[in-house]
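A.B. asks: Annotations for this protein, taken from TrEMBL, read as follows:
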TRANSMEM  72-92  transmembrane segment
TRANSMEM  157-182  transmembrane segment
TRANSMEM  203-225  transmembrane segment
TRANSMEM  231-247  transmembrane segment
TRANSMEM  259-283  transmembrane segment
TRANSMEM  333-358  transmembrane segment
TRANSMEM  444-465  transmembrane segment
TRANSMEM  502-527  transmembrane segment
DOMAIN    587-651  domain 'CBS'
DOMAIN    684-741  domain 'CBS'
Amino acid sequence: YFGYTAVFMGVNGVPKLMDLLDEPLPGVGTYEDFNTIDWVREKSKDRDRHREITNKSKESTWALMKSVSDAFSGWLLMLLIGLMAGALAGGIDISAHWLTDLKGGVCLNGFWFNHEHCCWNSNETTFVERDKCPQWKSWAELIIGTAEGSFAYIVNYVMYVCWALLFAFLAVSLVRAFAPYACGSGIPEIKTILSGFIIRGYLGKWTLVIKTITLVLAVSSGLSLGKEGPLIHVACCCGNILCHVFTKYRKNEAKRREVLSAAAAVGVSVAFGAPIGGVLFSLEEVSYYFPLKTLWRSFFAALVAAFTLRSINPFGNSRLVLFYVEFHSPWHLLELVPFILLGIFGGLWGAAFIRANIAWCRRRKTTRLGHYPVLEVLVVTAVTAVLAFPNEYTRMSTSELISELFNDCTLLDSSKLCDYINVNITKSSNELADRPASTNVYMAMWQLALALVFKMLITVVTFGMKVPSGLFIPSMLAYYHHDWVIFRGWCSPGADCITPGLYAMVGAAACLGGVTRMTVSLVVIMFELTGGLEYIVPLMAAAMTSKWVADAIGREGIYEAHIRLNGYPFLEAKEEFSHKTLAMDVMRPRRSDPPLSVLTQDSMTVEDVETLITETSYSGFPVVVSHESQRLVGFALRRDLTISIENARRRQDGIVSTSRVFFTEYTPPQAPSSPAPLKLRSVMDLSPFTVTDHTPMEIVVDIFRKLGLRQCLVTHNGRLLGIITKKDILKHMAQMANRDPDSILFN
């Protein structure tokens, strides 16, 4: 029962071979790091497992119970992922809020209270200065005893920069020491993993722990980054870790990727408080294979996660995000023009951002800059903190800034942006008459303009550093608008004319669309964020325009660009293959190469197979009838061969270097003196995908995309000619696009 071939003496002393690989060897059928999974094999494995459980369920009540628990395990797993990701997101939100406020001062009632919680129970807060209370002391008050004057300002400034540097240093040091995979947003890698690639440890427990801690530190340090992308990575780590509890998902890579697709939806659900937007994001942006069953499960998991986060209530406003707003004033048809202009701006900004960020990241990869990640993070943090402190809009956390920009002005607003001069206000209503702007509004406009330029430049450098960094929020910050005189024409007296917050929201959607090229999911996320169903049309107009404009300048979104920069083997479904090449132009071996390394079905010894494995680095080998005929029999993976041979040598009597290896169904009689043969038919794929040498490459590329193949064999009249792997296709596509084919790094 050890899973190798046992030899029994049959009639007349002729050895009778029994292939006992029905009980699979540990390790056979698994994959090495930086390899692509075989989707077809994984799915057929799962179908066989399911068929077996269904057949057994008719035999006994116990088997029926097992069948029911097997069917239920998927939903249970979704429930656990939703609970775990929701709880972690709540913890991250609360911690980040507290640490961000710690840069400004400390609460005397208890250092663990953030500024808002500290002043909640105070009776001494005034309406205009609602954030000032005796319990909250700024660092200047604690150190020199006064909050006024230039010296106090300098003390606060220095403390702000010191805390920012401390948080950033802790974040980058933890990432370097314990989990190098915890840096960045994680979405490009998750897209690659979902397409079938294996990066061991990327979704492991260390990555989860360190990413959660360093995400809080990185956001609190005031760097221009968001926590939304990394939250998707955190949710996928939860999914991957919980998969190990259930055998069905632990042992099947394709099933596990279905769970990770749902986990990505959970990540967006807790990042934006948008469960439906999360499911659509997973479908539109990150998933490679998304069956209907995964859609329902993603929906359920996103619901559980949103419910968990709502129960924790991290912001104390009964909302899932800090910048939830509700607009109620209708928009006018003429406003579609500025909405489309916002879309154009968003597209231009998105394309420019991608170019600048990729150029900077390439510079980091190819020059000495990449050798000093800690120094780079500290320098960027210092520059950010020093420039951010004087301007109150860059000093506050990014989420608070968005909340400020999205908000609609009412009479009770103490924000500078709402500081209009009050004239002729009837006390009976909270309606705003047309009021002239005060100097504070113009001052706020200047500060916002400076904040815009500052955030644009600093985000280019920040995204891709060795700390957890998301992009959603900085992208959203890229635009704001104000009442223009032109629009005064259609305003009825006393009614709101224009909602500046709506323009901020549409601008945010346009810029985010330009950077990531999301459309449907982006619009849904934005209206779930704002609760404004009547603004779907402006959002759609802006998102679509920004996508068209950005696509006209460059085809790739930021995640695809980073996938290509890192050389991950990802076949982009959106990219058209328009060249007229054939399979024979791409397959290996080329004309000048040595012949293809193959196994024969019955003429090789164990030593021959081992020599072939050690002398080559290929992931697998075609099996042919003989070197002369080259007729194809099947395909055997290197890892499966190695494990099977090692296992047979260790546990089976008589297997030596001169033992013959058979891939045939029946083994011919052996001479009594010859060593025991080794039968390896069970590790061979009997139905490898084949195409003829004249198959157009566009069809081959389509087959690879739709079936998730690792490799495909090329034949001519049934004879084996060569092999095409996923990497060959990617190199060929890079060559056709005049890019460096050697930039595809992994197998």
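Heads up, the Cβ atoms here are built off N, Cα and C, so glycines get one too.
Predicted automatically and left uncurated, TrEMBL annotations should be read as such.
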A.B. asks: If you count every Cβ pair below 8 Å, which range out of 72-92, 157-182, 333-358 shares the most with the transmembrane segment (231-247)?
C.D. replies: 72-92
A.B. asks: Go through the chain and flag residues at least 6 beyond the ends of the transmembrane segment (72-92) whose CB is under 8 A from any CB in it; none is fine as an answer.
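C.D. replies: Result: 212, 215-216, 227, 231, 234-235, 238-239, 242-243, 245-246, 248-249, 259, 262-263, 266-267, 270-271, 293, 297-298, 300-309, 311-312, 314.
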A.B. asks: Restricting to the domain 'CBS' (684-741), what is the model's mean pLDDT?
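C.D. replies: Mean pLDDT, the domain 'CBS' (684-741): 90.
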A.B. asks: If we skip the immediate neighbours and take only residues 6+ beyond the ends of the transmembrane segment (333-358), which ones have a Cβ under 8 Å from one of its Cβ atoms?
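C.D. replies: Contacts with the transmembrane segment (333-358): 456, 459-460, 463-464, 475, 478-479, 481, 484, 487, 490, 498, 503, 506-507, 509-517, 537-538, 541-554, 556-558, 561-562, 565.
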A.B. asks: State, in range form, which of 203-225, 444-465, 502-527 has the highest count of Cβ pairs under 8 Å to the transmembrane segment (259-283).
C.D. replies: 502-527
